[in-house]
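Novice: Just lifted these from Swiss-Prot, have a look:
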TOPO_DOM  1-13  topological domain 'Cytoplasmic'
TRANSMEM  14-34  transmembrane segment
INTRAMEM  98-116  intramembrane segment
BINDING   Thr108, Thr212  K(+) 4 binding site
BINDING   Thr108, Ile109, Thr212, Ile213  K(+) 1 binding site
REGION    108-113  region 'Selectivity filter 1'
BINDING   Ile109, Gly110, Ile213, Gly214  K(+) 2 binding site
BINDING   Gly110, Tyr111, Gly214, Phe215  K(+) 3 binding site
TRANSMEM  120-140  transmembrane segment
TOPO_DOM  141-165  topological domain 'Cytoplasmic'
TRANSMEM  166-186  transmembrane segment
INTRAMEM  202-221  intramembrane segment
REGION    212-217  region 'Selectivity filter 2'
TRANSMEM  238-258  transmembrane segment
TOPO_DOM  259-292  topological domain 'Cytoplasmic'
Amino acid sequence: MPRAGVCGCWGGQVLPLLLAYICYLLLGATIFQLLEKQAEAQSRDQFQLEKLRFLENYTCLDQQALEQFVQVILEAWVKGVNPKGNSTNPSNWDFGSSFFFAGTVVTTIGYGNLAPSTEAGQVFCVFYALMGIPLNVVFLNHLGTGLRAHLTTLDRWEDHPRHSQLLQVLGLALFLTLGTLVILIFPPMFFSHVEGWSFREGFYFAFITLSTIGFGDYVVGTDPSKHYIAVYRSLAAIWILLGLAWLAVVLSLGSLLLHRCSRLWQLIRGLDLKDGAAPDSEPRSQKIPISA
């Protein structure tokens, strides 16, 4: 019965997944509240105290004038202007910064620290995203497929069947290790050095960026007190694209690596039995295809 099939699907698959999803969200909300609410209250109290001290030191200002000034600062921040800077600071819309912004649009990262403020810019951003997001998905898919295709060379190691599984597992592990260093270790170290962050902050920025969460609390190339090279943010955009492609490969290879480790363990456990068998009756280890 079609109706019974739909009900069975909801009861057997969708409903448990929905409950797990809701529970996961509730768990995250509870932990974030416990970790962050007290710090937010302290920051709010500290800000109010600083405003009172400012009014005490500058008696020519009243509360209303200060609130208006704070509002101007907030509006400038929303439009991408850093209140700590001045008119001599580099533009947020030079080519390098614009290239970086375009990358955050098509990758759906959207840090939130910079957005079009003109009507024409907002309209263009909508149509640009409509075309750019699918293009980005197709590009990353093909780039990830190309990176993964290089691993198919492991299939040529067939001279020693007993070692083929080991070679394939080691090859995947080496690929994941080098990718982690190039994408998730070295770039945070570089960003930490340039931006004056700790490694924890640099790694946090890298993960939040490559996971396309993009909170906007840490963004490269936005400190007005630093002098960045012209291509700094453009290079960061290229790193984002390569990092997203690498993550796509990692997600697709993660289950494959676990499966091969399981096969390798079975192979090791069966070595004694295979050594006792006749040479011509020794089974060849079956290759697990890497490419889809």
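Here the Cβ of each residue, glycine as well, is placed from N, Cα and C on the backbone.
Owing to the predicted nature of the structure, the values given are computational and were not obtained by experimental measurement.
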Novice: Quick one: Cα separation, Thr108 (K(+) 4 binding site) versus Gly214 (K(+) 2 binding site), in Å?
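Specialist: The separation of the Cα atoms works out to 9 Å.
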Novice: At a 10 A cut-off on CB-CB distances, which of the binding-site residues Tyr111, Phe215 has the highest count?
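Specialist: Within the set of binding-site residues, the most crowded position is Tyr111.
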Novice: With every protein chain in view, how many other Cβ atoms are within 10 Å of the Cβ of Gly214 (K(+) 2 binding site)?
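Specialist: Within a 10 Å radius of the Cβ of Gly214 (K(+) 2 binding site) lie 19 other Cβ atoms.
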Novice: To see if you understand the setup: which same-chain residues, six or more apart in sequence, place their Cβ under 8 Å from that of Thr212 (K(+) 4 binding site)?
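Specialist: Thr107, Thr108, Ile109, Leu244 - these are the non-local Cβ neighbours of Thr212 (K(+) 4 binding site), listed in sequence order.
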Novice: Looking only at the region 'Selectivity filter 1' (108-113), how are its residues distributed among DSSP helix, strand and coil?
Specialist: 0 helix, 0 strand, 6 coil
Novice: Counting Cβ atoms within 10 Å of each candidate's own Cβ, which of the binding-site residues Ile109, Ile213 comes out highest?
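Specialist: Counting Cβ neighbours within 10 Å, the top one is Ile109.
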Novice: Six or more residues out from either end of the intramembrane segment (98-116), which same-chain residues have a Cβ under 8 Å from its Cβ atoms?
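Specialist: Same-chain contacts beyond the flanks: 78-80, 92, 122, 124-125, 128-129, 132-133, 135-136, 209, 212-216, 219, 221-222, 233-234, 236-237, 240-241, 244.
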Novice: Thr108, Gly110: which of these binding-site residues has the highest Cβ count within 10 Å of its own Cβ?
Specialist: Gly110
Novice: Reported in the order helix, strand, coil, what are the DSSP residue counts of the region 'Selectivity filter 2' (212-217)?
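Specialist: Once the DSSP states are binned, the region 'Selectivity filter 2' (212-217) shows 0 helix, 0 strand, 6 coil.
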